[in-house]
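**Student:** Per TrEMBL, domain 'Major facilitator superfamily (MFS) profile' is recorded for 11-403. Residues annotated as transmembrane segment in TrEMBL: 12-33, 53-71, 78-96, 102-122, 172-192, 212-230, 282-300, 306-327, 339-364, 376-398.
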Amino acid sequence: MKEGKMKRFLQLICLSVGATVIYFVPIHLRSLFYVPMQEVFGYTNTQIGNLAGWYGIMTIVTYLPGGWLADKYSARKLLAGSYIVTGLLTLVMALYPPYEVALWIFILVGISSTLTFWASLLKLTRQFGKDKNQGKAFGSLEGGRGLAATIIFAASSVLFTKIGNAWVGLRILIVVFGAVTILVAVMTLLVFDEKDADHQATNVFHGFLRSLRNPNTWLIAFIVMGIYTVHAISQYIAPFATNAFGTSVLIGSLLSQSKQWVKPLAGIGGGILADRFGVSKILLIGSVLLAASVGVFAWIPGNSQLFWLLVVNTVIIFLLLGLLRGLYFADLNEAGIEWHLTGTVIGFATTIGMLGDVFVPFLAGRLLDHFPADKGYTYIFGMGVVSSCFAVIMLLIFRKYNKQRIEDKE
């Protein structure tokens with residue numbers, strides 16, 4: 001019994017740490033060490049933006065085929081392959097390559113961290129949770145990612161500061177992350193059995209068409225879209241705090257970082273609640289609360305005397321987002337999605353659901369350029385209210401459509 005619990009604990013560690021370190025080059029290197037990155041790589045702001053843009057394009061176009069791969073091949077082996085390829089590409093970045101080489105690295109990492117990774121990660125998480133612990137499984141993954149990110153990135157920042165030399169410090173960090181990513185590949189092969197990564201040979205096209213004919217596939221995709229769009233909008237809380245409330249850039253940054261601090265509590269707590277009361281019920285209640293909380297930012301005036309409200313409401317929004325993002329793929333069981341179609345449904349739902357990464361920056365940038373700051377942020381967070389309400393409507397339809405199955409599980 002103890003051996004079984006230890007194995008599951010190690011599996012959760014692999015899923016959480018792996019889902020954190022694999023994104024170091026395309027996301028965290030830029031967000032945590034932007035200025036040092038410019039200094040040692042010699043890239044312009046436009047070039048760094050292009051790197052991120054091409055990475056984003058590759059993720060969008062590979063979510064769906066990644067779902068097909070996860071249903072046809074072993075999720076365990078796909079994950080391990082993703083870690084190895086991404087780890088090796090990370091090590092190449094430690095050579096401080098010219099921009100043209102880095103561009104290809106970001107494109108390839110976009111493939112290795114999405115095509116063979118994302119749907120496989122979530123499919124393995126679903127199998128990890130078995131039939132009755134989907135909430136805990138997905139919630140623990142989200143919470144574990146938050147905890148891993150908090151510890152790993154805090155340690156990275158301390159190490160970088162201690163070294164004191166940007167050229168040496170950044171190289172050491174990149175090498176460490178590359179090595180850890182490859183190590184996670186080895187651990188994944190060791191702690192997951194092939195039965196944990198169950199896969200079933202299936203006709204990809206037939207499975208895709210079958211999924212598209214299932215209304216639940218579309219409902220799950222729209223639920224993800226409604227919630228994830230608010231996540232994309234939440235990235236504007238830091239500049240909102242600075243421009244509307246007059247806080248310092250540091251305070252705005254700390255507010256933004258609080259997302260990672262509350263994620264462990266939100267993810268794990270949400271998973272426990274979901275397994276106790278039902279996944280879609282917790283998603284519905286959380287989405288209603290999210291609409292109200294985002295609405296506070298849409299309608300309160302920017303006033304330094306309301307700073308306390310800014311802080312409290314930011315924490316509430318991040319708690320709700322951590323809970324909801326940890327659960328919006330945990331409703332596959334309530335939808336009756338067959339195990340061998342898990343990857344296909346996740347791939348499709350992710351492609352549709354995460355379009356917020358594309359249209360939110362596009363719309364938000366134009367709103368802030370065409371309106372005064374206070375009015376621009378009112379419209380941006382108003383968009384978040386609409387998106388949350390859209391998720392509520394989709395969840396109500398989802399619960400009605402799957403009423404009998406949900407009642408049986410609750």
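Note that Cβ sites are derived from N, Cα and C of the backbone, with glycine treated the same way.
Map these features onto the structure and tell me what's around them.
**Tutor:** Packing against the transmembrane segment (12-33) from elsewhere in the chain are residues 48, 51-52, 55, 79, 82-83, 86, 89-90, 93, 105-106, 109-110, 113, 117, 121, 124-125, 128, 140-141, 144-145, 147-149, 152-153, 156-157, 160, 170, 173-174, 177, 180-181, 184, 187-188, 191-192: each is 6 or more residues past its ends and has a CB under 8 Å from a CB in it.
Residues 18, 22, 24-25, 29, 40-41, 69-70, 102, 105, 108-109, 112-113, 116-117, 120-121, 124, 171, 174-175, 177-182, 184-186, 188-189 of the same chain sit 6 or more residues outside the transmembrane segment (78-96) yet have a Cβ under 8 Å from a Cβ within it.
Through the fold, the transmembrane segment (172-192) approaches residues 7, 10-11, 13-14, 17-18, 21-22, 24-25, 29, 33, 76-77, 79-84, 86-91, 93-94, 124, 156, 159-160, 163 of its own chain, all at least 6 residues removed from its boundaries and within a Cβ separation under 8 Å.
Counting residues 6+ beyond its ends, the transmembrane segment (212-230) has Cβ neighbours under 8 Å at 283, 287, 290, 294, 317, 321, 324-325, 328-329, 331-332, 335-337, 345, 348-356, 360, 383-384, 387-392, 394-395, 397-398, 401-402 in the same chain.
With a cut-off of 8 Å between Cβ atoms, the residues of this chain six or more beyond the transmembrane segment (282-300) that come close are 135, 223, 226-227, 230, 233, 237, 240, 270, 273-274, 306, 309, 313, 316-317, 320-321, 323-324, 327-328, 331, 377-378, 381-382, 384-385, 388-389, 391-392, 395-396, 399.
Outside the transmembrane segment (306-327), and at least 6 residues removed from its termini, the chain residues within Cβ reach (under 8 Å) are 135, 138-139, 141-143, 146, 227-228, 230-231, 234, 237, 241, 245, 247, 255, 258-259, 262-263, 265-267, 269-271, 273-274, 279, 282-283, 286-287, 289-290, 293-294, 296-297, 300.
Same-chain neighbours of the transmembrane segment (339-364): 56, 59-60, 63-71, 75, 118-120, 122-123, 126-127, 198-200, 202, 204, 207-208, 210-212, 214, 217, 220-225, 227-229, 231-233, 236, 328-329, 332, 376, 380, 383, 387, counting only residues six or more beyond its ends whose CB sits under 8 Å from a CB of the stretch.
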**Student:** Going along the chain, which residues at least six beyond the ends of the transmembrane segment (376-398) come within the CB cut-off of under 8 Å?
**Tutor:** 216, 219-220, 222-223, 225-227, 229-230, 233-234, 236, 240, 243-244, 280, 283-284, 287-288, 290-291, 294-295, 297-299, 302, 331, 334-335, 356, 360, 363-364, 367-370
